[in-house]
Structure formats: structure tokens, C-alpha cells
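Peer 1: I'd like to ask some things about the structure below.
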């Protein structure tokens, strides 16, 4: 009896010891030992997809990871499919989720099958800016002032294209409507590039878009930037087209549309209940990815604002953002009845 | 003829030992991926994408496009052998390909499919070579009403299709539209027809519908009707392959018509899947042997395969020139382009001609290599059919279920596939056509989006579909196709009476 209990306690003690050393070792150097899925909350070819694949390329090319990284697209339900997937895979350190503000904005307006408690924030890496574009040839709109004037003359008739309904593009359009006191016709398309082509082809007057999605059409003379939704002008001074650089685009506030800082964070998440050492590992990994030449190329090409946030800073940012969006959604009457 | 000179420069780029090796590897990988349903070209290409990060962009795009060709060919293989379309665009190939294989002519069916696919792809590449400068501007003319008109034409060609009851066709289209509606709506951002089932908010994947309807449905039917698989009789000699290839030029009318439909649908946003369906429907209507379609008719294989591949090739052009991918695979490849530091768009042709023309030249070579390689695999695949049904049957079931699962790694999808298997069985038993149903699932959602976008931008006026010359012409052709059966009855009644007795004979099943 005594012997067995003694043996038992020895066993537990040794098990404890093994467990402890194992835990400290893991905290110091947790590393994935099998392929890691990078889950994208968007379809192939979209902004989030390219962001994820750039991270994948940067990490693989510079040998910052030893296991393969696999990009998985989960675009269903405006991207909620990806975060549902996180709910399905609680605690899995082999799945990292890439999104935008969608992770915390989606639950406000639509019935989704995850809650914010199902996600662990890892990092916010860059901000995509939004620009209001027009087709100067087909619509005759060359400046933001002309855009507002035309919308005032034809209430509800000036069409603005964007990606998806009740997403970033439609949000910024409603902000513009309220700030300038105008009424626009928002037309949702499946993706930002589809919307840009509609404007470039002269079928729609204007669109809101990330710079990269309309860049080529600007060079070709089919689109023109009217104003940028940031508090300060962009910094890139290399001339793009018509002798204009990104820095020459006025901010929307300068142009008389009082929408200050509407930017889109590129965020990285994990599922709930993942080991903290895994979160630390991926936070560090994302930071390393940002220092690679591939990632720097990407941010320059897409005219993004680079700002790495993690830990408490990220949590504070997310809380503030969620509050802002709650206000916008309440103003637009987009909130889910239950959460009102 | 500046294009020709640039193409020659392109060949200089593409015709190195290194690049040809890459093409062979790409095609082989594509074949493997295409044969497994659910894995499919888009997944295969995205799996391969990381490997290309360390390659130079030209070698990388050659690898990915070769894989794309291989996958397109591989998709037809399973369509013909097991009635499981490996790719959405090879659904129409099952209609005649599988009956022919069942009859013991698997080698002939595969050879016909690959031969006409190769022809279609070649026509597509020639069109790209000649029209590259013009296509970008043409594609820009497509607004939402034009998109809708393209889809309308595809639907119209099906309703106007000869054979079968128009009522049953209409019922199938309506049911297909309902299935396509499930999930999140683009225009309103609300979920539809989800019945509170969480997995349905993401919509029903087209591949799962197809795996169920065709793969599992056919399996149930085979069990029910007794096993009559004549695969054992299949001759595996090289002579059959050669004889079939020599037979191809006989179908030159079908080949040309299908290639044209394919190019048109590839350049416009219709895409390969719609192209193959439309081509099959029109083939059935205009062929002298149209009434035999669905029973293993050679033209029923040639028509969809040619259109599928010419559309697949042509669809790469809008992607390069506009940055709007025509298919899921093209979207993955476009993501690749951006990672390699190239931006698809109107300026790509002037900033990186070596890349664009190297790619086009590699499409010529890649397709030739693909046709040769896949013809070499024909005996291997036909040999599989010689196995008894007790072996092949379970194998098909396993492939179907794994395929359904791998689409998005959801167990729920397997149940959906099984449910659609039952639907497919019931449809076949009651003689409801599956093709219009599938077409409606594929295009219904896109057509609806385009229609509602047009309505939003016109303020609700239907006249938007007849205002521009382009959209009006397409709508006109669509309406003409729609009323074709009616017109034919009127003409038959007006002119020779002898025809009506003939028509009475053919309408008997």
C-alpha cells in the first residue's frame, strides 16, 4: 500500500517535472512541427488573399519557417467562413487567420456563427488606405469638389461602385454621404477590381478602392484619384501618371469631404484557447516577415501605411475600432436587431 | 503583324530546355490534380504557388499554366470514365463521354475528348495572339447589363435546346436557381435560404452539387439497373487512338462552332463552364444526329471539350489585360503575378512584353505537350475500367466522398453531396434533365447579381438591356435562341408537310 502510494507520488512528481520543463522549453521555443494553414477570409486574387500570400512568400523565401505554409481561402459569408473555421478549430496552433476589420465588424451587422471570444488577436501589420476614384473621361468628374457638385445636382443618381454590401466600401460611401450632405447610389460588386473595371469602362461614375486595385487603370488614363480618406497626405512622391504622385492626391478633408481617417487594417488572428507561446511565436514571425524585402516591396506597391501592432496596443486599437464601427452601423441602421 | 514578331521573341524565351522541362512537370502534376475531384485546378495551383516564389516569373507562370492545362485534361478523364467531373467545366463532357465509355469505347471517348480539347486550346491561343491588343478595350465595354446578356444567352441556348420536355427543362432551371440562391447575397449582404443552418450561410459549392448529382447519382443508378459496364471489352491498342484521331476532322463543323463559342465566352465574362454547356446545347440543336446526343455521340464529346479549352485559353487574356480573373484558377495565378511583382493590367503588355509573349508562346507548347502526354495515359485509364464493378464501384464512392470533403474540409459537405446523389438518381429516373439544373446553379447567382446591379444603376428601368448596341445584339441573339423551337415548329408547319411525319418519328425516345 505504502509502496504503491510512494511510487505514485514519485510518478506524479516526475510527471510534473517533465511537464514543467516541457512547458518552459515550449515557451522559449515553440515551433510548428507540421504544415501551418494560413486561412484567408477572402477569395483568391483579392486584397486579403494577396496580403496572405505575400506573408507566405516572405516567410518561405527567407527561410523564416521550416514547415510548409498552406494558404486556404474561406471566402463564404463575406469572410465569416474563415472565422467560423477558427471556432471549429479551437486551440489549434497550426492555423493562422488573415483578415481585415471584417473579423470584428462582421458580427455587428450579420448573423455569424462566431463571436469575438472565438478569436485571439495576433497582430495588425499594415493599413490599406481608401481613395475615391472617378472616370474623368466618361463622367467629367476631375476633382472631389466636382464629384460633390454633381451629386448635389443629381441626388441619388451618381453611382459609386465598391466591393460587397455593408463592407468597408459601402461604409465609407455612407460616411461621404453624411459628411457632404449628398445622396449617392452605391452598387456592390464581388470584388474591388471588378468595381474598378466598371468605372474604367465608363459604366459607373466613381468607386472607392485601395490604391493598388485602380493603379493600372490610373496609368492607362481610365481612372483618376479624387481624394484619399486619411488625416494626412500619402508620402510616396514617385510620379505615377499625368505628372501626379500619390502625395499629390488631396485628403478628402482638404477637398471638403469631412471623412478623416478611414483605413483598413490587415490583421492576423488565431483561434481561442491557443497556447500563449504559439501566439508569441507567430507575433514574432509576423514582425520578421515585415522586415523582409518582399514585404517592403508589397507595402510600397500598394501604398500602404506600415504600422505593426500587437499585444495590449492591438487590443486597445481593436476596442476603439469596434466602438467606432458600432456608431457607424447604428447610424446606418445596419446593426443586427438583437444587438441593438 | 507586330504581334507575330513578338510571338517569335516569346518562343525564344519559352523554348529553352529548362522551360520545356517545367512544362512537362507542370502538365503531369496537373493531370494528377485534375483526376481527383475536389482537389481541382484552383487548389492544385495554390498548393504549387509557394514553390514558385524562388523561381523567376516567366518560369513560374509557365509551371502554373502548364499545370492548369494538365488539370483541364485530367478533369475530362474522370468525367468520361466514372461520370465524376473533376472540374466544373467538364460536366458537359459526362453527357456523352460516359455513355460511350460504358459501351466499351473508353479509348475512343478519351481520345476524342483530348483531341478536340487540344484543337480548342490551339484556336484559343491563336485568337489571343491575333487579338491581344484589342481584347482589353473590348472587355472594358462590359458593364452589368452586358454581363447579364452573356448569361442570358447561355440560358436561352438551353431552353431552346431540342429534345426533352420544355416544361421539365424549366422546372430544372428553377430548382437550380433556388440552389444557387442559398447563402450570402452580394447585393444586400444578407443570408438567403439558409434555414438557420450555419453551414449553409456559405452557400452550396458547385463542385459538391456536381459530385453528388453525377458521381453518386450514377452509382445509385448503376446499382439499381444492374451492372452493364462493358469496359472489359475495351480495346487498348494504339490503333484505336490513331483511328479516332483520324476521325476528328469529320466533325469540323462542330469543332469550329464550338471553338468560336469558347473564344467568345472566354473573352467575355462567361467562362469555360458556361461555354461548354452552351456549346453542347447548340451542338445538340444543330447536329444532324442531335437526337442521339446523351447516348454516347462523338459530337456530344467534341462540342463541350473544344469550347471548354478554347474558353480556358482565352480567359487568360482578360486576366492579364484587366486584372479580372475569369476563373478560380486564373484568380490564384493572378495572385501569383502580384507576388512576383507584376501587376496585371493594361500596362503589362507594354512594360513586360517578354513576360506576356513568353507566356503566350508557352501556351502553344504547353498544349502540344499536354495532348501528347495525356494521349499516352489513355491506355492506363482505360485499363482501370477493366476492373470488375465490385472494385470500381466502391472506388468511385470513396473518390466522391473525399472529393466532397476536400472542397472546404467540412463534414457537412459530404451529407450535401449524398443528398444531391439522391436528387440526381430521382431526376434520372423521372427523366428530368440534369444539364439545365447544373447550368442554373453555376450561372444563376452571377446572372442575378448582374441583373440587380443593372437595375440599381439604371434606377429600375429594363430598357438598359436594349440601349447599347453590344447589349442589344446579345439580348437579341438570346431571344432568338429562346424562340428557336417555336420558330422551327412554325416553319415546319408552313413548308413541307413531309417534315412533320419525320418530326413525329424523332420525338419518340
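Placement of Cβ uses the backbone N, Cα and C atoms for every residue, glycine included.
Caution: TrEMBL annotation is automatic and unverified by curators.
So TrEMBL lists these for the protein:
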TRANSMEM  B:12-38  transmembrane segment
DOMAIN    B:21-439  domain 'DUF112'
TRANSMEM  B:58-82  transmembrane segment
TRANSMEM  B:109-136  transmembrane segment
TRANSMEM  B:148-179  transmembrane segment
TRANSMEM  B:200-223  transmembrane segment
TRANSMEM  B:259-282  transmembrane segment
TRANSMEM  B:319-343  transmembrane segment
TRANSMEM  B:355-376  transmembrane segment
TRANSMEM  B:383-405  transmembrane segment
TRANSMEM  B:471-495  transmembrane segment
Peer 1: Could you give the residue numbers and ranges of same-chain residues that sit at least 6 residues beyond the transmembrane segment (B:109-136) on either side and whose C-beta is under 8 angstroms from one of its C-beta atoms?
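Peer 2: 3-4, 7, 69, 72-73, 76-77, 80-81, 93, 96-97, 100-101, 240-241, 244-245, 247-248, 251, 255, 258-259, 262-263, 266-267, 296, 298, 301-302, 305-314, 316-318, 321-322, 346, 349, 356, 360, 363-364, 367-368, 370-371, 374-375, 378, 381-382.
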Peer 1: Do the transmembrane segment (B:58-82) and the transmembrane segment (B:471-495) come close, with at least three CB pairs under 8 A (pairs 6 or more apart in sequence)?
Peer 2: no
Peer 1: Among B:148-179, B:319-343, B:355-376, B:383-405, which stretch has the highest count of C-beta pairs below 8 Å with the transmembrane segment (B:12-38)?
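Peer 2: Per the Cβ count, the answer is B:355-376.
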Peer 1: Against the transmembrane segment (B:259-282), which of these stretches has the most C-beta pairs under 8 Å: B:148-179, B:200-223, B:319-343, B:383-405, B:471-495?
Peer 2: B:148-179
Peer 1: Mind checking which residues of the chain, 6+ beyond the ends of the transmembrane segment (B:471-495), have their Cβ under 8 Å from one of its Cβ atoms?
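Peer 2: For the transmembrane segment (B:471-495), the far contacts come to 143, 145-146, 149-150, 152-153, 155-157, 159-160, 162, 166, 285, 464-465, 503.
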Peer 1: Find the member of B:148-179, B:200-223, B:319-343, B:383-405 that has more C-beta pairs under 8 Å to the transmembrane segment (B:355-376) than any other listed stretch.
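Peer 2: Ranked by Cβ pairs under 8 Å, first place goes to B:319-343.
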Peer 1: Mean pLDDT across the domain 'DUF112' (B:21-439), rounded to an integer, is what?
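Peer 2: Taking every residue in the domain 'DUF112' (B:21-439) and averaging pLDDT yields 84.
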